[in-house]
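Chemist: Among the features that TrEMBL reports, domain 'Mucolipin extracytosolic' is placed at 90-275. For 289-316, 346-365, 377-397, 417-439, 485-506, the entry in TrEMBL reads transmembrane segment. Residues annotated as domain 'Polycystin cation channel PKD1/PKD2' in TrEMBL: 378-513.
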Amino acid sequence: MAGQSCRFVQARKPEGGSGVFRLTVRNTMAHLDSEVKEECLREDLKFYFMNPCEKYRARRQLPWKLGLQILKIVMVTTQLVRFGLSNQLVVAFKEENTVAFKHLFLKGYSGIDEDDYSYSVYTQEDAYESIFFAINQYHHLKNISLGTLGYGENEDNRIGLKVCKQHYKKGSMFPSNETLNIDSDTERDCLHIDLQALSKNPQDWKNSSFFRLEFYRLLQVEISFHLKGIDLQTIHFRELPDCYIFQNTITFDNRAHSGKIKIYFDSDAHIEECKDLNISGSIQKNTQYILVFDAFVIVICLASLILCTRSIVLALKLRKRFLNFFLEKYKRHVCNADRWEFINGWYVLVIISDLMTIIGSILKMEIKAKNLTNYDLCSILLGTSTLLVWVGVIRYLGYFQAYNVLILTMQASLPKVLRFCACAGMIYLGYTFCGWIVLGPYHDKFEDLDTVAECLFSLVNGDDMFATFAQIQKKSILVWLFSRLYLYSFISLFIYMILSLFIALITDSYDTIKKYQQNGFPDTDLQEFLKDCSSKEKCQKESSAFLSCICCLRRKGSDDHLILIN
């Protein structure tokens, strides 16, 4: 029987029937070989689909790969927190300098921006005074600034201010007679004022013909200058300081010719490597410790990357064995669902996370050593990798049935949700374009397409409804009535119908998963194949028979006179 061990007995070859005898032996060996392959494949499949706890119980093998992932989570999170604290200093230094520049170079700045511009002027005198005030403040910067600032070279490698004005080439305008004669082509004139010229009599450059502005032709005046600064607050946190170059631009915008000149201030900060740093103390040691820690994170992630890649490669080989065996034995192909069971999406997630962590850690080390200054790219890589790492923790919670509902529900509902969102998105885009073209001139939240999309999304979530209704200007009764019809129909359609259907799709998938957990999931070809060895006693018997068959297969070719007797 199957549970008995194999034994060999001496047998005589029947006279005149050696050919039939050998054929019988070959068939028996082929059948045994097929059973051995099937049993090996089944055991490999069962072990592959085990979780770390089941693998430990099966082979008493410590789940050191799980320990590696837990260590990686701790180290990557620690690395991100340290980098985030350092990045906060960079962001704070940039923002505080921008606020300081506005108070230094914008005359009468109140501290609060007007809409998307800093402030505005309404008379020619105020426009001239604002321009000259910015130039004078630049000249006396070292005497009035509280920061560690100095003059920087502009694009022409010159220290000083660059003032440019853009205007129509020529023209004349008489509003009282409703006549206009103007050339629509524009020209741009620039004047460079260095520190030496500013040190002379101010009236010399103020009375220049360049500053005689014809406001009916003027489009904009732009004042640009570069400043340098050093961020010393990082020293208190035992980090090397950064050197900055601030590219500042003050723009007087008169394109609308509405009697209101909008004044914009833009400061673009770039971090550069300091040329000569001589700092005593323990900062250098602290930097070396951080670099060693980042290098260890790279080693851990590299090991995780190699292990996950190896697991995917072995899974693909195992799938190929199963597909070939299934086609050979059952004469049909395996369904797509079973094919995808071998591709572990969590491994792919870990690989992507490891790659981003490795690249981000290298950038962080270069930033810490002051060889690179790309904080934004490093933040994106480290932040996204940490997000993926913590999402991957759900994989281990999924080994418990009580926590596995979320993952199974997301997997079951995702295809239906994507198809539903594709249809609902068409309606959403239609409302977006309609609101932008009709309500744009009468409502601040509908001026731009992206603003309209954000406003409608907030309405779907029930945010800021009353303000959206109340801010519609009543200059046109027709547009006001249309806005009511537009908003009421959108809110009713998306909140009461589309959003409810969206929730119903997920609820339906959740109910289906709960029923499957109570009554059992439908078996696929792969699960039916693994069920053939489900009971422990049967597996033990088959394991004994499997070993006896191995013994039979190891017979020498010259032992054809031995017959296998069960």
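The backbone N, Cα and C atoms fix where each Cβ goes, glycine too.
TrEMBL labels come from automatic prediction, so no person has curated them.
Note that the structure is predicted; figures quoted are calculated from it, not measured.
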Chemist: For the transmembrane segment (377-397), could you work out the same-chain residues 6 or more beyond its ends whose Cβ comes under 8 Å from its Cβ atoms?
Modeler: 66, 69, 72-73, 76-77, 79-80, 83, 87, 346, 349-350, 352-354, 356-357, 359-361, 363-364, 367, 403-404, 406-407
Chemist: As a test of reading the model: what is the averaged pLDDT for the domain 'Polycystin cation channel PKD1/PKD2' (378-513)?
Modeler: 88
Chemist: When secondary structure is assigned with DSSP, how many helix, strand and coil residues does the domain 'Polycystin cation channel PKD1/PKD2' (378-513) contain?
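Modeler: Looking at the domain 'Polycystin cation channel PKD1/PKD2' (378-513) with DSSP, the answer is 115 helix, 0 strand, 21 coil.
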Chemist: What else in the chain is close to the transmembrane segment (485-506), if you only count residues 6 or more beyond its ends and a Cβ gap under 8 Å?
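Modeler: Tertiary neighbours of the transmembrane segment (485-506) are 409, 413, 416-417, 420-421, 424, 427-428, 431, 434-435, 438-439, 456, 459-460, 462, 465, 468-469.
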